[in-house]
Amino acid sequence: MSIAAIFFSPTGTSKKGAEAIAQILQNDAESIDMTLNKEYKKRSFSENDVIVFGAPVYSGRMFKGVKDRLAAIEGNNTPCIVTVTYGNRDYDDALLELSDMVKAKGFIPIAGAALIGEHTYGKIQVGRPDGEDIKEDRVFAQKILAKLSAGDRSEVVFPGNIEYKNSEGSAGGKFRPLTNDNCTNCGLCAEQCPENAIDKGDYNQIDDDKCIACFRCIRICPVQAKHMETPEYMTFAAEFTKKLAQPRINEYFM
Ligand SMILES: Cc1cc2nc3c(=O)[nH]c(=O)nc-3n(C[C@H](O)[C@H](O)[C@H](O)COP(=O)(O)O)c2cc1C
């Protein structure tokens, strides 16, 4: 039996939840990071394996590129746990969409969760998932273990609209990070950009069509050269932070 966490996680919050759950199921669970847009090794899982999927909510949906990345992954009646992480606004149809996506690939969602993570924009639920969230994830994972050991592989039906919102799906956000004079041309941002949107010869240049505004480049830049400190963004971020101040709770389904 192999247990793996498979995730798309530009700023690392979805990774935390998926890995926390997978590690309770098996302490040496594999981590398969599908954040980058590249050719992934084909993987096929059996009915004896268990996969924990994780991805962020983008505009109430899955980012379109998640489906492309999952092309390399195949289940064969493989039980799975679907988790989405969202920034305290709402997860809308994203959990249902991820569940439908993996079902089409041969997985059986026997549990799932909509988890709170720090929002990419503004200062919303900063630091989440925190220690308390991870504790809750672990309690949930213990319940999954009990379900599995009872031989119960019943599928969970998740909330959401059958006709998902935003019919086009999510292509990401509209903000385009800038680069300041701190840049040392180390190239990390371009290497780690999930959609290869940053020009490898000129890190100032961002391909508008490719960038998904995930802000991974801002989070990982070792010298804080990538930023989004425009007056428009700062105004938006302050208002958004105020609007989403009331914390929501993690929701677990089994
Ligand atoms: C383009 C974009 C759209 C987002 N849409 C939503 C949303 O609809 N609802 C929400 O609560 N959070 C939304 N968020 C916040 C992310 O879901 C949240 O920050 C998540 O924790 C990021 O996951 P990651 O760290 O795994 O990349 C959005 C973030 C981005 C970048």
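Cβ coordinates are placed from backbone N, Cα and C, and glycine is handled just like the others.
Predicted automatically and left uncurated, TrEMBL annotations should be read as such.
Pulled from TrEMBL, these are the features on record:
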- 3-145: domain 'Flavodoxin-like' (DOMAIN)
- 175-199: domain '4Fe-4S ferredoxin-type' (DOMAIN)
- 202-231: domain '4Fe-4S ferredoxin-type' (DOMAIN)
Legend entry - Overall pLDDT for the domain 'Flavodoxin-like' (3-145), taken as the rounded mean: 98
Legend entry - DSSP-assigned states of the domain '4Fe-4S ferredoxin-type' (175-199) in counts, ordered helix, strand, coil: 5 helix, 3 strand, 17 coil
